[in-house]
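What TrEMBL shows for this protein is this:
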{"type": "REGION", "residues": "49-71", "note": "region 'Disordered'"}
{"type": "TRANSMEM", "residues": "128-148", "note": "transmembrane segment"}
{"type": "TRANSMEM", "residues": "216-238", "note": "transmembrane segment"}
{"type": "TRANSMEM", "residues": "258-279", "note": "transmembrane segment"}
{"type": "TRANSMEM", "residues": "286-303", "note": "transmembrane segment"}
{"type": "TRANSMEM", "residues": "315-339", "note": "transmembrane segment"}
{"type": "TRANSMEM", "residues": "388-410", "note": "transmembrane segment"}
{"type": "TRANSMEM", "residues": "430-449", "note": "transmembrane segment"}
{"type": "TRANSMEM", "residues": "501-522", "note": "transmembrane segment"}
{"type": "TRANSMEM", "residues": "534-555", "note": "transmembrane segment"}
{"type": "TRANSMEM", "residues": "575-600", "note": "transmembrane segment"}
{"type": "DOMAIN", "residues": "660-726", "note": "domain 'CBS'"}
{"type": "DOMAIN", "residues": "757-814", "note": "domain 'CBS'"}
Amino acid sequence: MESEQLYHRGYCRNSYNSIASASSDEELLDGAGIVMDFHTTEDDNLLDGDAASRGSNYTMSNGGGGPSSSTHLLDFLEEPIPGVGTYDDFHTIDWVREKCKDRERHRKINSKKKESAWEFTKSLYDAWSGWLVVTLTGLASGALAGLIDIAADWMNDLKEGVCLSAMWFNHEQCCWTSNETTFAERDKCPQWKSWAELILGQAEGPGSYIMNYFMYIYWALSFAFLAVCLVKVFAPYACGSGIPEIKTILSGFIIRGYLGKWTLMIKTITLVLAVASGLSLGKEGPLVHVACCCGNIFSYLFPKYSKNEAKKREVLSAASAAGVSVAFGAPIGGVLFSLEEVSYYFPLKTLWRSFFAALVAAFVLRSINPFGNSRLVLFYVEYHTPWYIFELLPFILLGVFGGLWGAFFIRANIAWCRRRKSTRFGKYPVLEVILVAAITAVVAFPNPYTRQNTSELIKELFTDCGPLESSQLCQYRSQMNGSKAFTDNPNRPAGPGVYSAMWQLCLALIFKIIMTIFTFGLKVPSGLFIPSMAIGAIAGRIVGIAMEQLAYYHHDWFLFKEWCEVGADCITPGLYAMVGAAACLGGVTRMTVSLVVIVFELTGGLEYIVPLMAAVMTSKWVGDAFGREGIYEAHIRLNGYPFLDAKEEFTHTTLARDVMRPRSSDPPLAVLTQDDLTVEELQSVINETSYNGFPVIVSKESQRLVGFALRRDITIAIENARRKQEGILLNSRVYFTQHAPTLPADSPRPLKLRSILDMSPFTVTDHTPMEIVVDIFRKLGLRQCLVTHNGIVLGIITKKNILEHLEELKQHTEPLAPSWYYHKKRYPSSHGSNGEPRSRVHHVQLIRSFQDGRREEDEEEVCLLNGSNL
């Protein structure tokens, strides 16, 4: 509680480089998602203003007549107000206030640690609490990931049959101890029974096929129905991937319950059900959400993180790294994913703790060994043949395919999700999930490559053909025991099995592309990593086999003659599948460095980094040609989350005055004066407006800025004063100054609210280019920015105003302004276009003069443009 004294933020905001807060409050709600309404005025903390004027690009303002440091120290001695500084749901945190609270807490602990052994122990506990919370997060993430992997494998095989010797064994585990399996039919053993064998007593024939078909559809629909019902009834936030919302939360937005214990429990259960249902989705993305839930829950055990939203987001950044670590078995890739893709604020100590959390999570998952192969993922592969320079061409072509697929998927999926939101079809999420699951099961069963688990499909496509492989993809003409034989030339002509597999893979590719578009966004946990990798792996394997056969039949071509020697493996189709998987995932997410490292950790070989880099960068370039947004940024924009994407460039020529509120058509705005309001007048302003904060000015005559007070803090402070202080009446004077104003002797006790006043709000001038303003909002994470001239308040810009402005500019492309626009003579707003000063008699006249001045200036510019030779 002692750190809450820092709500007097002028003491801490003494540096331009301090981290500022993020956006203002936004609206929600779409069942399990959040939708921001850009037409509400809840965020527009508008204020009375004077006229616009010229000035420097941006300034840090301390209001009119800032207090001295001794004044600040006196304010810190005041009793903190309980509840001040906390945040409502769907609001944005104040990064500066949170960082100030943490610095004050740290200073207090350091000053007391030499007083006694107990205080020294408390300081050690505080110093190590960060490592403890990420350790607990890593342990829980690894354990839950292992549980999800084991349960999903068992339930996926349950659609095809059951193990009689041990019900809890999946198909592979059931046949491990069997002595009656053969090399050609290693997946068949007496202990494993299909549903046709159990129900009809026969394993072959049309009746058996139909029964297995029916049971496959039955179990798929049952799992999907149970998953969507659990999500809808108990935890609506458990649906989807979770990564767009995680990115928004890490930027400072508050979504109560999204990382809570109910969401964690339901997402863990329904993720298993959704994956087992056979839907075209993966568990890797939702595992990031699961890990962040663990980090959020454990952070409440430590006051250092539970009482500070900014510090809590450091834990969530580390948790997201642990989630990717257990999803792909890639600890380093997880750290880079957190840094590149999801984190908004990533200091160096968060990098270390993210690395440690990913390490702990990977160690726990390796100890559980859910796949029985002593690896962290099912599709771990190793290649022992080199790649050749001529193969860069097909690798780049796979990158082009990945970029085209990513651009097409983003547009198609966003169009479908937008249609779902705008039509009655979106009101029936259970029916939609059942319908998609039914279509998926009916179409997937006849094709063995779509019937099996997607992770197993990727494993088969990644794996190179060898003497122990019995897949159709390895059925070349010269073979032993159904596998590829090794003679003088390992590149052999494809047999009937390979051609049959190629046709099935082409059909599987079309099926995966279509179903993934309609599956991502359903009201069940749904990841996108595995489906995108499967699409790329299928395309890559097809290209790899085609290149292999080309090298065999045309080994005398100049491309193959130099490198493809007799007795050496020239083409590795599995490598093409891996490169294609990385390219398609990169095209969808626009990840680069982290994606290459993740795939590199999957293969365990440094030799193939160059092909991966070439394919991933090509996919990003091709995808960016159609739009710079990845799938997560597109869903953030679709749902209206208050998130400023740093990847977008602002190239327009608007100024701060063009975006600030109020505009010429807006009503008069509400401000607070520093010492001549009563409690009744202050409550009237709060009740009659919906703004989240109010600028505090010296007086109605001067209009000079003193500070900024939040609506929530004012309400809490008044309620607390009435409860704890006697003599606070409706006609009590409210003052934000250091000393009380001179009052008559019979006046009631005044109410001092200086401790909740931010006396150094971030300000810019009205002529600051919006390019600079947008850059400041992105880099500092501002919550709002006041527009002033010489300390006189003109307006305010919030993150929502910037998002609205960016959306307008996308719809109406603005032509570049001529060069004279930036160098012409400009007069202050208090002067006309002729340089003569305007009268400043009344507050309303000030607003009107500001609007008239803008009209005169615009007319002057139009005349100059018409009379010029441009």
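Cβ coordinates are placed from backbone N, Cα and C, and glycine is handled just like the others.
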Take the transmembrane segment (216-238) and find every residue of the same chain, 6 or more past its ends, with a Cβ under 8 Å from one of its Cβ atoms.
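For the transmembrane segment (216-238), the sequence-distant neighbours (Cβ-Cβ under 8 Å, at least 6 residues beyond its ends) are 31-32, 155, 158-160, 245, 255, 257-258, 260, 262-263, 265-267, 269-270, 273-274, 276-279, 429-430, 433-434, 436-438, 440-442, 445, 451, 522-525.
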Would you say the transmembrane segment (258-279) and the transmembrane segment (430-449) are in contact under the rule of three or more C-beta pairs closer than 8 Å, pairs 6 or more apart in sequence?
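Yes, these stretches are in contact.
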Honestly, do the transmembrane segment (315-339) and the transmembrane segment (534-555) touch, with at least three Cβ pairs under 8 Å and pairs 6 or more apart in sequence?
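Between the transmembrane segment (534-555) and the transmembrane segment (315-339), which are separate recorded stretches, there is no contact, as judged by 3 or more close Cβ pairs.
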Would you kindly list the residues that approach the transmembrane segment (388-410) from elsewhere in its chain, counting only those six or more residues past its ends and only Cβ-Cβ distances under 8 Å?
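Answer is 513, 516-517, 532, 535-536, 539-540, 543, 547, 559-560, 563, 570-571, 576, 579-580, 582-590, 611, 614-627, 629-631, 634.
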Look over the recorded stretches 128-148, 258-279, 286-303, 501-522, 575-600 and say which has the most C-beta pairs under 8 A to the transmembrane segment (534-555).
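Answer is 575-600, with the largest number of Cβ pairs below 8 Å.
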Other than its close neighbours in sequence, what residues sit by the transmembrane segment (128-148), given a CB gap under 8 Å and a spacing of at least six beyond its ends?
268, 271-272, 283, 287, 290-291, 294-295, 298-299, 301-302, 304-305, 314-315, 318-319, 322-323, 325-327, 349, 353-354, 356-365, 367-368, 370
Which residues, given as numbers and ranges, are at least 6 beyond the ends of the transmembrane segment (575-600) yet have a Cβ under 8 Å from it?
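Residues 324, 328, 330, 332-334, 336-337, 339-341, 381, 383, 387, 394-395, 398-399, 401-407, 409-410, 458, 461-462, 464, 528-529, 532-541, 543-544, 547, 606, 608-609, 611-613, 615-620, 622-624, 628-632, 647 contact the transmembrane segment (575-600) from elsewhere in the chain.
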Take the transmembrane segment (258-279) and find every residue of the same chain, 6 or more past its ends, with a Cβ under 8 Å from one of its Cβ atoms.
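Hits for the transmembrane segment (258-279): 144, 147-148, 151-152, 155-156, 158-159, 216, 219-221, 223-224, 226-228, 230-231, 234-235, 237-238, 242, 245, 249, 286-287, 289-290, 292-297, 316, 436-437, 440-441, 444, 451, 453, 515, 519, 522, 524-526.
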Can you count helix, strand and coil residues in the domain 'CBS' (757-814) using DSSP?
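Per-class counts: 24 helix, 19 strand, 15 coil.
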Taking helix as H, G and I and strand as E and B in DSSP, count the residues of the domain 'CBS' (660-726) in helix, strand and coil.
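Breakdown, helix to coil: 24 helix, 17 strand, 26 coil.
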